[in-house]
């Protein structure tokens, strides 16, 4: 199974990176010099064959995600390349070591284990095990607690804050007429593609607001750490996400705190990896104890544990920001549900606000890399300037159909599965981001809304990764 989105895959990659040596950590092959030269062949059994030297068994290349991010050539895909520190095996290793340290009362090496659940994996696992969404969240808490987790949280508060920051960023850009079209930034597959393929041309248009995963990292490693009086470096923060590209995002150097000597997110596992863990345990999710998700942020718990944000399936950015901008820029209070018009396909839709016959707001949703490529080309030809904001997601249908969501059963089409997950999502209660908790977090921990501190911890930067033009990156659509 592919571990990263289609846009970040290198085609025809093998466990053993060949002597073309595109990777920055190549296999080192020592061989004697020959005046006559030699023929080289990588065989199917992983041997490096040279006609004069016989066969040499190659070692596997151990490449970390940070190596990939530092490389200007490719983003390596897949289980063939060993992704260290970002796997269910690493999580189990940490949990087992932590249990041993607790048993031996080695308190200096005991870590607080925090698990954060995104909404889409909860829906995927609820459908897989045929249980209600709220019960799926409770059973997941029971499962992770059985492994030794200390806290199991949802991303709700981070989702709320991401919308608050992104909508204000858009209004500021619109009023200043600066760097429009604004492009969403919560999808790491899209962001990495933008950095490596289009660089400084496209990056000024990308929203600087951190994704909910990385905002959650700040909340856990700073606010929760203060509340429970544990240093950030002693907290092991795991997120459960709908796509493998979130592993890349968590590994960015921008999200490593030198002050805390800690990453905001230490490990990312995915819906399908949780399913694999449950399968290996030979115990379905429904057989684990039911515990409400933890809510360490305030004394008042929300009525529900799993929430939707607007109608769209990837965080609700386009819909929420459109309504906010209509009200705060044009004094239009849009109380009815928004209807996006389908254009070329169901993954490219737009919505328009008109005043006095003139278009004043024009938003779009672009899912899937075919639409993203068309989007970028239009921007390059200056034909996209009439869009003010575009919600961009690498996966067709958005995060609900993330690359690491549980796959359809035999005989089931992916669209049928996606439709069922969409139904589950649309039946969730809607969160209103501007609430008492987000106000509390801004006022008590971030020095208020739109302050230097809030900008520092809730926004990020992007980097133009200069590619070697001799390297051909073949993207499969």
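Quick reminder: no glycine exception, Cβ is built from N, Cα and C everywhere.
The [4Fe-4S] cluster 1 binding site annotation in Swiss-Prot covers 23, 68, 71, 74 and is backed by sequence analysis. Positions annotated as [4Fe-4S] cluster 2 binding site by Swiss-Prot, on the basis of sequence analysis: 187, 243, 395, 399.
Locations of recorded Swiss-Prot features on the structure.
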residue	record	Cβ neighbours (10 Å)
187	[4Fe-4S] cluster 2 binding site	29
243	[4Fe-4S] cluster 2 binding site	29
395	[4Fe-4S] cluster 2 binding site	27
399	[4Fe-4S] cluster 2 binding site	26
Let me know the DSSP-derived helix, strand or coil state of residue 399 ([4Fe-4S] cluster 2 binding site), please.
helix
